[in-house]
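Some notes on the structure that comes next.
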Amino acid sequence: MWSVRRKFTLSLLSVATSNHLSSGNYVIRPSRLLSPCSYLVNESEMRGFIRNVESSSFRVLVSRFSSLTERNQNGIMLDKGGDGVSDDDENGGEDDGGNDERKGGWLGSRDEDFMRNVGVVMDILLARGSSCMVVKDKLEKCSVIVSADLVVEVLSRIRNDWEVAFTFFTWAGRQPGFAHSLRAYHSMISILGKMRRFDTAWALIEEMKGGATGPSLVTPHTLLIMIRRYCAVHDVGKAINTFYAHKRFKFEIGMEEFQNLLSALCRYKNVKDAEHLLFCNKDVFRLNTKSFNIILNGWCNIMGNSKEAKRIWWEMHERKVFKDVVSYASMMSCYSKVGRLNDVLRLFNQMKALEIVPDRKVYNAVIHALAKGKLVKEACNQLKTMEEAGFAPNVVTYNSLIMPLCKARKLDEAREVFNEMLQRRLAPTIRTYHAFFRILRTAEDVFDLFENMNKVGCRPAHDTFIMLIRKFCRWRQLDNVHKLWNQMSDYGLDPDRSSYIVLIHGLFLNGMLEESYKYYQEMKEKHLVPEPKIDEMLQTWVAGKRNADNHMVESKHGQVRSQTSKETKVPSEKVERNVDFRRQPETRKVVRERGYSFWDD
């Protein structure tokens, strides 16, 4: 019934699209596009990079990998993780606020004065126990000169605490002679949307309009940020309403805007809704290859559902929609992730027969499928074929080899691929190191690799700390858990929801109930939503603890009463021996302590 109502609502919204498009003349304002991050490094940097890697712990560490693998062929516990093989997966998606979340706000080439000012502001904002008024007062008294870069950098470091971020943003905007940049507004709107403070985000957008006289800073990308944030919380209706808001800001609604909506829906796993919206609006926005590719990629790489992906594939065939290299890359990437090597090779041969030239993503998918199928030699041969075709292997190509090799515990081969990647002056990414982290079995190896990761300039992300905290909780090494937790701030990372969930759950399972509850309260104070299962466990423990405390108080009072009644105690009647106690109701008391029930003897 719910699905019928949902489809009906989407149908009504799609019908309304025609009315919105048929009225008014719109002027499109192109949004700024961020240049993609390059993985290539210059020769001098790479010489130092290789020197650090080959001279320090990594070579020793890989040999330890080999020895551990020989001794524990069946004993290594692997963390579950994805097998990203596409460039999109590797890059981690777009960042609404214009910041690369994987870098955690790291700035490698900033001057000392700038970083000192950032440090002063961060010390004020992160001071424990400070109210908003106290923070504002301290900011007013500090000697920091506000700049656009300073605002963006600070917001990137406190993006998981919307109240602190908004307090700082408001204070900075009121400084004489300073006005927020478009990037700063987008960062703040993204933070508010992430924490579901949509009303406040819309208030900022109204502020960006600049009133009747001032120029408007609102761009189509501003609305796209809101669309993505609504999609992230699966509020499809609000996302579509925001899509219609282009008219309110006098922006054109065309195919590009519609495809951005579809991409946002698919990006956050609303693929069914995106597909329904695509077909409902086929008379307004004609079906084409790119629109189908968005849905296909959603089923292939976001949902990982090969069955639904194949259905869309055949839908394209039935509707005579041309399949381009992106279509084939999506399907082959999906099949490679689920280990369907034959299907990958079949599509690869099919596209060559149709004279569709493979691109780098297609080759990466084939290489990953071969490596995952333990055909390492064939994967390396395919890499050479890729080069002969004019496509230089990138870091995704090598990660496509390293990740399955590490999962198969083939550390010698993984090391060779890693060294070849360095020789090509390609810097390892977080995914490269995560592949090795997943198979480590000692704290010494973990911290050796972690240190090496920092030496070569690859900054850890939230996912890095989450993986390692989970690993140390499983190993019951809580000292190392706290060590990593405290190190997060050193890399400009503020614990997010996932970080808290992993820490709280790990401490709880290790019997550190009081400490687990402390972080649970800290998480709620930051307005981060706890995991329902963890919330239920801790609430049950708190209730049991209260019952145990109440019982102890009652026991003390009972002891006092028993002492006064000893002198006047009346001998009780003897219980008959022939009574069958199995047929009598239980008369003993039950005591709850630390969430468990015990008989009161």
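Backbone N, Cα and C atoms are what each Cβ position is placed from, and that goes for glycine too.
In TrEMBL, annotation is done automatically, which means it is predicted and not curated.
Here the structure is a predicted model, which means the values were calculated and not measured.
According to TrEMBL, the protein carries these features:
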{"type": "REGION", "residues": "74-107", "note": "region 'Disordered'"}
{"type": "COMPBIAS", "residues": "85-98", "note": "compositional bias 'Acidic residues'"}
{"type": "REPEAT", "residues": "181-215", "note": "repeat 'PPR'"}
{"type": "REPEAT", "residues": "288-323", "note": "repeat 'PPR'"}
{"type": "REPEAT", "residues": "324-358", "note": "repeat 'PPR'"}
{"type": "REPEAT", "residues": "359-393", "note": "repeat 'PPR'"}
{"type": "REPEAT", "residues": "394-428", "note": "repeat 'PPR'"}
{"type": "REPEAT", "residues": "461-495", "note": "repeat 'PPR'"}
{"type": "REPEAT", "residues": "496-530", "note": "repeat 'PPR'"}
{"type": "REGION", "residues": "553-581", "note": "region 'Disordered'"}
{"type": "COMPBIAS", "residues": "564-581", "note": "compositional bias 'Basic and acidic residues'"}
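Among residues of the same chain six or more beyond the repeat 'PPR' (359-393), those with a C-beta under 8 A of the stretch's C-beta atoms are 83, 85-87, 325-326, 328-329, 332-333, 335-337, 339-341, 344-345, 348, 351, 400-401, 403-405, 407-408, 410, 413, 424, 426. For the repeat 'PPR' (181-215), residue counts in helix, strand and coil come to 24 helix, 0 strand, 11 coil, using DSSP. According to DSSP, the secondary structure content of the repeat 'PPR' (394-428) in residues is 26 helix, 1 strand, 8 coil. The average pLDDT computed for the repeat 'PPR' (324-358) is 94.
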